[in-house]
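Input: a single structure, listed below in structure tokens.
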Amino acid sequence: MQRRKIGMNIARECQGEVMKVVHWAILMMTLLGTSVFAAEETKTAAFNAEEAIKTLRGETDLLWLVVASVLVFFMQAGFAYVETGFSRKKNAVNILMKNISDFLVGSLGYWLIGFSLMFGPHLLVGFGFGSPFMFEKLLEGADGKPIAFNYGFLFFQMVFAGTAATIVSGAMAERTKFISYVFFSLVCSAIIYPLFGSMVWSNLLDTNNTGWLAKMGFIDFAGSTVVHSLGGWMGLAGTIALGPRIGKFGSRHEVKPILGHNMSMSVLGMFILWFGWFGFNPGSTAVVKDGTFAIIAITTNLAACAGGVTAIVTSWLLFKRPDVSMVVNGILGGLVAITAGCNNVDAKGAVAIGAVAGILVVYCVLLLDWLKIDDPVGAVSVHGFCGAWGTIAIGLFANPKFGGGPTGILYGGDAGQLGVQALGAGVAFAWAFPISFLVFMFMKWMPFIGLRVPESEEIEGLDIIEHGIEAYPEET
């Protein structure tokens with residue numbers, strides 16, 4: 001009996017120990033399962049956070065690109081004001097209509113043809129441009145769904161194309177047929193501008209699609225050459241094809257100034273353009289992640305200020321007074337010049353580039369007058385010559401600490417980059433000027449089109465004859 005009790009006690013103790021082990025096992029399994037589940041939750045949370053950050057960055061970049069595009073679009077108002085103020089009041093409506101119309105037809109032409117020519121897969125290996133009418137392929141993914149960023153990129157490039165087209169308007173002001181100018185704006189935005197742009201910028205949308213100038217190392221970050229010089233050289237072709245305005249040059253070939261009717265408008269337009277340039281240059285980063293756009297904003301502003309100061313000094317020395325028209329163009333010349341290298345130069349370089357541009361503008365205006373080339377607003381001097389200068393200046397002032405690019409001669413580099421920059425600037429002229437001149441002369445020779453308004457219409461003013469309305473109707 002005693003043995004039986006002892007056995008039962010031992011059994012109970014063993015059972016108790018077994019239950020403890022079972023309880024501990026269940027507890028450990030529960031804890032282990034919880035830990036595994038928690039680890040999985042942590043991994044999922046980390047993955048979701050990473051995806052959220054990536055999405056946020058992409059949407060922020062897209063927002064910045066669209067905001068910058070809107071700023072560049074607003075520059076159209078600046079061009080309209082500058083050109084109208086520099087012109088006579090009898091042609092004010094005509095100037096405004098041309099600035100409206102070139103953006104209308106230019107946007108449609110660039111969307112339909114120009115965008116795919118500029119950024120589509122190259123048809124010619126080594127030189128290359130894309131196929132026309134293929135814009136939808138560039139805006140969709142492999143699944144056929146629209147890519148929002150590509151649409152934002154199209155918007156940005158569309159307003160750039162509009163800028164190149166509207167530069168021509170000022171150089172051809174006060175004597176050009178409205179329909180002829182609108183036709184050229186379409187040709188410019190759909191063909192001339194994008195074909196040159198494909199040589200430099202075609203890899204911006206597809207890194208495997210690089211133009212031949214870009215392969216050589218040519219740098220034009222935001223368009224001193226691709227946009228501004230191209231527009232300036234097209235304007236030069238137009239003003240030569242047209243000839244000077246009636247009364248601009250005397251019988252002895254002396255220059256007779258034809259003053260603009262409202263410098264207040266021109267100054268306001270200059271400030272609008274200056275404001276829009278903070279979208280034009282910083283917006284060319286297309287992204288916000290590294291903050292480079294802030295550096296570009298400073299180099300852009302410093303160049304504009306330096307250009308304005310040297311234009312004041314130069315005009316004061318030459319004309320014994322500070323000429324407000326020269327100062328307006330000096331500021332714009334500084335902005336144009338810094339556009340190519342705004343990402344590759346430091347503050348000192350930006351000031352130097354802008355300062356030279358301010359001087360260059362004044363002397364180029366005088367040079368064109370001496371050559372009997374009538375540019376009513378100074379568009380060729382500001383955009384053509386200053387754009388070329390700013391492009392070449394990268395070979396002198398490029399600082400490798402900024403933009404991770406080449407080293408300019410003044411910072412210890414060799415002349416290689418300077419040569420490439422000069423080549424690119426020269427190619428822009430060799431491309432834009434002769435083709436534009438041929439288009440203008442074709443219209444001039446066609447009797448049913450024509451290029452220049454009749455003499456009587458030019459004397460009376462284009463507003464009444466071409467548009468049937470005056471900008472400043474007399475009070476009755």
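Glycine too: its Cβ is placed from the backbone N, Cα and C atoms.
Taken from TrEMBL as is:
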| type | residues | note |
| --- | --- | --- |
| TRANSMEM | 21-39 | transmembrane segment |
| TRANSMEM | 62-82 | transmembrane segment |
| DOMAIN | 63-472 | domain 'Ammonium transporter AmtB-like' |
| TRANSMEM | 103-129 | transmembrane segment |
| TRANSMEM | 149-171 | transmembrane segment |
| TRANSMEM | 178-201 | transmembrane segment |
| TRANSMEM | 221-242 | transmembrane segment |
| TRANSMEM | 263-280 | transmembrane segment |
| TRANSMEM | 292-319 | transmembrane segment |
| TRANSMEM | 326-343 | transmembrane segment |
| TRANSMEM | 349-368 | transmembrane segment |
| TRANSMEM | 380-398 | transmembrane segment |
| TRANSMEM | 418-442 | transmembrane segment |
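Sequence-distant residue pairs (6 or more apart) of the transmembrane segment (149-171) and the transmembrane segment (326-343) include fewer than 3 whose Cβ atoms are under 8 Å, leaving the two stretches without contact.
When Cβ-Cβ distances under 8 Å to the transmembrane segment (380-398) are tallied for each of 263-280, 326-343, 349-368, the top count falls to 326-343. Scored by C-beta pairs under 8 angstroms, the transmembrane segment (62-82) has its highest count with 263-280, from the stretches 221-242, 263-280, 292-319, 326-343, 418-442. Distant neighbours of the transmembrane segment (349-368): 298-300, 302-311, 314-315, 318, 326, 329-338, 341-342, 374-375, 378, 380-382, 385-386, 389-390, 393, 397-399, 408, 410; these residues of the same chain sit at least 6 beyond its ends, with a Cβ under 8 Å from one of its Cβ atoms. Scored by C-beta pairs under 8 angstroms, the transmembrane segment (418-442) has its highest count with 221-242, from the stretches 221-242, 263-280, 326-343. Tertiary proximity for the transmembrane segment (221-242) is limited to same-chain residues at least six positions away from its ends with a CB under 8 Å from its CB atoms, namely 160, 163-168, 170-172, 175-176, 184, 188, 192-193, 196-197, 200-201, 280-281, 284, 336-344, 373-375, 379-388, 390-391, 403, 424-425, 428-429, 431-434, 436-437, 440-441, 444, 451-452. Beyond its flanks by at least six residues, the transmembrane segment (326-343) meets 82, 219-225, 227-228, 263, 266-267, 270, 273-274, 277, 280-281, 284-285, 292, 295-296, 299-300, 302-312, 314-315, 349-350, 353-358, 360-362, 365, 378, 381-383, 386-387, 389-391, 393-394, 397-398, 402-403, 405 of its own chain at Cβ-Cβ distances under 8 Å.
Confidence in the domain 'Ammonium transporter AmtB-like' (63-472), given as mean pLDDT, stands at 94.
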